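Visitor: One structure is given below, represented as structure tokens, and several questions about it will come after.
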Amino acid sequence: MTSPKYKRIVLKLSGEALAGDEGFGINPAVIKSIARQIKEVAELGVEVAVVVGGGNIWRGKTGSEMGMDRATADYMGMLATVMNSLALQDSLEQFGIETRVQTSIEMRQVAEPYIRRRAIRHLEKKRVVIFAGGTGNPYFSTDTTAALRAAEIEAEVILMAKNNVDGVYTADPKVDKNAKKLQELSYLDLIKDGLQVMDSTASSLCMDNDIPLIVFSITEEGNIKRAVMGEKIGQSLGGNDMGKQVIATAKEKMSKAVQVFTKELATIRAGRANSALLDKVTVDYYGVPTPINQLASISVPEPRLLVVQPYDKSVVSDMEKAILKSDLGVTPTSDGSVIRIVIPPLTEERRRELVKIVKKESEEAKVAIRNIRRDANDELKKLEKQGEITEDELHGFIDEIQELTDEYIKKIDNLTKEKEKEIIEV
């Protein structure tokens with residue numbers, strides 16, 4: 001017999017799933033069907049944790065819309081999840097499955113308080129653990145609870161069971177006949193497009209912790225087992241999220257590399273006064289090398305004049321010496337409290353030297369971009385070997401990385417041309 005794909009799972013049940021077609025309350029036949037499916041999976045040796053919603057009994061948001069205090073309404077919703085959890089526990093135990101209910105809000109007479117280590121220990125003993133009471137905080141959904149608990153107990157996947165819905169659609173397919181099933185989604189897509197699969201907090205938690213999500217219909221008997229065995233059912237999210245995260249990280253790093261290059265260019269004197277010229281100049285302040293711009297206010301009252309006003313007059317002399325020793329090629333003067341720096345016109349020889357410096361900085365920035373590209377491609381190839389992304393996805397992601405590389409190198413080229421023009425202009 002084939003082994004299960006997942007060893008520890010979180011099954012997310014909406015309250016509506018327990019209500020069946022009635023839409024309200026607890027349907028005994030539905031509860032029995034879900035318990036039977038969980039039993040099938042538990043008997044395979046899979047460690048099963050369950051998070052149950054309470055929408056079949058009460059929704060905090062609905063109570064708030066009726067004029068209730070939102071926090072109070074949400075606590076009522078948490079109590080509804082406890083009722084559903086106890087009903088599911090009873091049904092599971094009737095099938096002979098040891099089950100524990102843990103609540104975020106203490107109610108020791110009916111359930112254990114949520115304790116992470118104890119929950120993991122129950123799972124290791126092959127007991128089903130049902131997490132009730134949400135996170136124990138108002139304003140947070142049971143979707144967020146599922147994502148949070150999955151991260152805490154190190155679950156390998158979240159199985160999101162829906163009532164007669166087998167994936168992610170543009171609208172509720174039970175209400176809108178024109179609703180279309182969306183393909184190749186990621187958590188980033190859920191967050192960006194505001195798709196109502198799970199809230200943005202839950203999506204972010206899953207994405208940050210690399211937890212895959214399978215959205216499927218609970219009403220078809222045996223679907224939980226099929227999902228656990230790795231069969232293609234419903235819709236999976238998170239498989240290529242890792243690849244998209246690599247892309248996003250590479251883009252962020254490339255953007256920072258360009259920002260650093262821009263700052264470096266600002267410190268290169270081009271015949272005009274610019275407060276950034278002093279960014280690299282440091283003074284020994286109480287034994288600590290400290291940038292001048294942290295010890296003084298710097299202004300540009302005229303195109304060729306910098307005025308430095310130290311907060312502590314005792315460092316005026318040290319600042320003068322530091323500026324004089326720098327490679328800026330300027331001579332500061334002071335009256336004991338304020339330092340003035342007149343920016344002299346650049347000689348032709350100095351202009352050529354500065355252009356060389358700009359080109360050197362430009363090349364170093366491009367090398368940084370290419371190194372980011374190399375690291376990203378290596379990470380993508382690693383994901384492909386681990387089976388996290390397919391070969392086709394790998395090629396697509398590598399193409400995206402190259403497009404990013406071309407885009408940011410072009411930005412560096414444009415900044416370089418602008419700086420060279422600034423230096424050359426008399």
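Cβ from N, Cα, C; glycine included.
As the structure is a computational prediction, the values presented were derived from the model and not from experiment.
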Visitor: Among GLY54, GLY67, which residue does TrEMBL name as a further UMP binder in the site formed by ASP74, THR135, GLY136, ASN137, PRO138, TYR139, PHE140, SER141, THR142?
Guide: GLY54
Visitor: State which of the following binding-site residues has the fewest other Cβ atoms within 10 Å around its Cβ: SER14, THR135, ASN137, SER141, ASN163.
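Guide: Least crowded of the binding-site residues SER14, THR135, ASN137, SER141, ASN163, by Cβ count within 10 Å, is ASN137.
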Visitor: Taking the Cβ of GLY55 (ATP binding site) as the reference point, list residues of the same chain whose Cβ is under 8 angstroms away and which are at least six residues distant in sequence.
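Guide: Set apart from GLY55 (ATP binding site) by at least 6 residues yet with Cβ under 8 Å, we have SER14, GLY15, GLU16, GLY77, ALA80.
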Visitor: Please report the distance from the Cα of LYS12 (ATP binding site) to the Cα of ASN137 (UMP binding site), rounded to the nearest angstrom.
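Guide: The separation of the Cα atoms works out to 18 Å.
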Visitor: Would you kindly list the residues that approach the region 'Involved in allosteric activation by GTP' (20-25) from elsewhere in its chain, counting only those six or more residues past its ends and only Cβ-Cβ distances under 8 Å?
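Guide: Distal contacts: 56-57, 163.
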Visitor: What span in Å does the UMP site cover, taken as the longest CA to CA distance among GLY54, ASP74, THR135, GLY136, ASN137, PRO138, TYR139, PHE140, SER141, THR142?
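Guide: Farthest-apart Cα atoms in GLY54, ASP74, THR135, GLY136, ASN137, PRO138, TYR139, PHE140, SER141, THR142 are separated by 15 Å.
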Visitor: Between GLY54 (UMP binding site) and ASN163 (ATP binding site), how many Å separate their Cα atoms?
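Guide: A Cα-Cα distance of 14 Å.
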